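Participant: Below is the structure I would like to discuss, written out as structure tokens.
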């Protein structure tokens, strides 16, 4: 029903079922993992009104399991990317895996999926910084650069009455800069890689 993917590794499509409604994937060498993708295989949907909360479990310095809620997957949201690299020093949260004796070794973490009611999923609060931005870093950088350029150029705007003649300087109307800014934003939204063509 579920799969787990770490970049540079084979897809895991057979979780260990530790209870009727609980599944885990082992993540060997978890210290070198930045992001994890959890997804439904598409072979079996959740029962009506159900979804899966996704947890990250790692051993603390004393070897005790620390569980942190990352987010969830549902029939309507069948996959999610989670950033786990910054979570390894955080506090644990309440979790449904408490009574289980899952083996812990210092170099192996786990992703746990607990099938629960959608109402209870909506009331859970994932650990901060686990969700990966849906905007990639290039798009985010480009948007910030556009905003910065437009704000910078606009700060030099003067009216025609304020202009002093200077034959060695060219002036660009602010409306032209605004039009370029809006066109570039629109094209970036439609296709972040349009500039490669």
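Placement of Cβ uses the backbone N, Cα and C atoms for every residue, glycine included.
Annotations per TrEMBL:
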DOMAIN    6-130  domain 'Hikeshi-like N-terminal'
DOMAIN    136-196  domain 'Hikeshi-like C-terminal'
Participant: Tell me, roughly as an integer, the mean pLDDT over the domain 'Hikeshi-like C-terminal' (136-196).
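Facilitator: The predicted confidence over the domain 'Hikeshi-like C-terminal' (136-196), as a mean pLDDT, is 80.
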Participant: Kindly report the helix/strand/coil residue split of the domain 'Hikeshi-like C-terminal' (136-196) according to DSSP, in that order.
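Facilitator: Helix/strand/coil tally for the domain 'Hikeshi-like C-terminal' (136-196): 41 helix, 0 strand, 20 coil.
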